[in-house]
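Over in Swiss-Prot, the protein carries these features:
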SIGNAL    1-25  signal peptide
SITE      TYR31  site 'Greasy slide, important in sugar transport'
SITE      TYR66  site 'Greasy slide, important in sugar transport'
SITE      TRP99  site 'Greasy slide, important in sugar transport'
SITE      TYR143  site 'Important in sugar transport'
SITE      PHE252  site 'Greasy slide, important in sugar transport'
SITE      TRP383  site 'Greasy slide, important in sugar transport'
SITE      TRP445  site 'Greasy slide, important in sugar transport'
Amino acid sequence: MMITLRKLPLAVAVAAGVMSAQAMAVDFHGYARSGIGWTGSGGEQQCFQTTGAQSKYRLGNECETYAELKLGQEVWKEGDKSFYFDTNVAYSVAQKNDWEATDPAFREANVQGKNLIEWLPGSTIWAGKRFYQRHDVHMIDFYYWDISGPGAGLENIDVGFGKLSLAATRSSEAGGSSSFASNNIYDYTNETANDVFDVRLAQMEINPGGTLELGVDYGRANLRDNYRLVDGASKDGWLFTAEHTQSVLKGFNKFVVQYATDSMTSQGKGLSQGSGVAFDNEKFAYNINNNGHMLRILDHGAISMGDNWDMMYVGMYQDINWDNDNGTKWWTVGIRPMYKWTPIMSTVMEIGYDNVESQRTGDKNNQYKITLAQQWQAGDSIWSRPAIRVFATYAKWDEKWGYDYTGSSSTNPYYGKAVSADFNGGSFGRGDSDEWTFGAQMEIWW
């Protein structure tokens, strides 16, 4: 008994050590931004985005507190085989008060199994909700290829000249389908499940320092038996993507061409949309009706120009042509140079211009925005974070058209009808004006 009692503290200590080691093995990653800002004409900070544009230049132009908190752990490993569990919870509030309650968005919960298939070494099987191989332009927070959502797939299959990945994900729309008619009136209140099937061939070395990635995405509305969609709804569509990545000036340049049809044109990033509807108080249905096509040509990157200068840049042309004439032509160009005074202090400027033409009216909206920021960051790269910055932003815009949401409860552009600024004696768009803001912000990823 004495021997047993003497061994007990040792066993407890060993168990505690094992539990501590396991706890330390948990990976904690994430992203967050928050700050405070003011508008020159009074009130809290305003943010500036051109009507019809799908993004905005973000430096000194973000008006919310946003965070993604990721916890993950390799839960099993034997040789080169392993299972990894990953999660991600996101929050967003208006940063107007101390206590701002919000419902979290459960964005990721998946398991990834590596090297589980003997005859496909290096490949990964996965299932669950996941940020899946997302492609974006950081300086305008624009995701141009992103099929994230609940799904499953097999990725990084070595085919000799590149890596092949296969995936299926889902993005449901609120409303859009109906099971039966009462008095010959269909009530399209049932949500519609949209499936996306994705095939990618990446890491193809085609020139010194350059790689090519090709992808095909097919999206479709997946209706329940005996259900129907709103007449004219976009039921399916395709997205084709080609992206060339070139190593240059201690950074990279990405040149992208994308072409989409019908349901894949609304967001233009690989998620199928076009079956959902919005309702007013009388439950009248407004169909998205986005049959048509989209062409996008994009060039963006980040480079180092000597010891003291870094720069991000973007140039993009996007043409969405819809059968209902509610499409747009959008082109944008911008730069973000950074001068490094010390390894942890820099001055950053961002200059961006947007121009959006309405397919229906032929009118154009345009805006340019300039931000100057003094920044302290953890390192001497334009990608170094965390960063604390103080900024001043000036924006000037001239908008000749806007969206008319008469009869619709939604303010999604795809439910609104593009009209000239003075349509029916109204005032649509933001008119011709300018404004400036100033404030401070932190940004971090880890």
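Every residue, even glycine, has its Cβ placed from backbone N, Cα and C.
Values in this document were obtained by computation on a predicted structure and should not be read as measured data.
On the structure: features taken from Swiss-Prot.
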| residue | record | Cβ within 10 Å |
| --- | --- | --- |
| TYR31 | site 'Greasy slide, important in sugar transport' | 16 |
| TYR66 | site 'Greasy slide, important in sugar transport' | 15 |
| TRP99 | site 'Greasy slide, important in sugar transport' | 5 |
| TYR143 | site 'Important in sugar transport' | 19 |
| PHE252 | site 'Greasy slide, important in sugar transport' | 15 |
| TRP383 | site 'Greasy slide, important in sugar transport' | 13 |
| TRP445 | site 'Greasy slide, important in sugar transport' | 13 |
Open item on the list: Restricting to the recorded sites TRP99, TYR143, PHE252, TRP383, which ones have a CA within 10 Å of the CA of TYR31 (site 'Greasy slide, important in sugar transport')?
Closed with: none
Open item on the list: Can you tell me whether DSSP puts TRP99 (site 'Greasy slide, important in sugar transport') in helix, strand or coil?
Closed with: coil
Task: Whole-number Å value for how far TRP383 (site 'Greasy slide, important in sugar transport') lies from TRP445 (site 'Greasy slide, important in sugar transport') (Cα to Cα) - done: 10
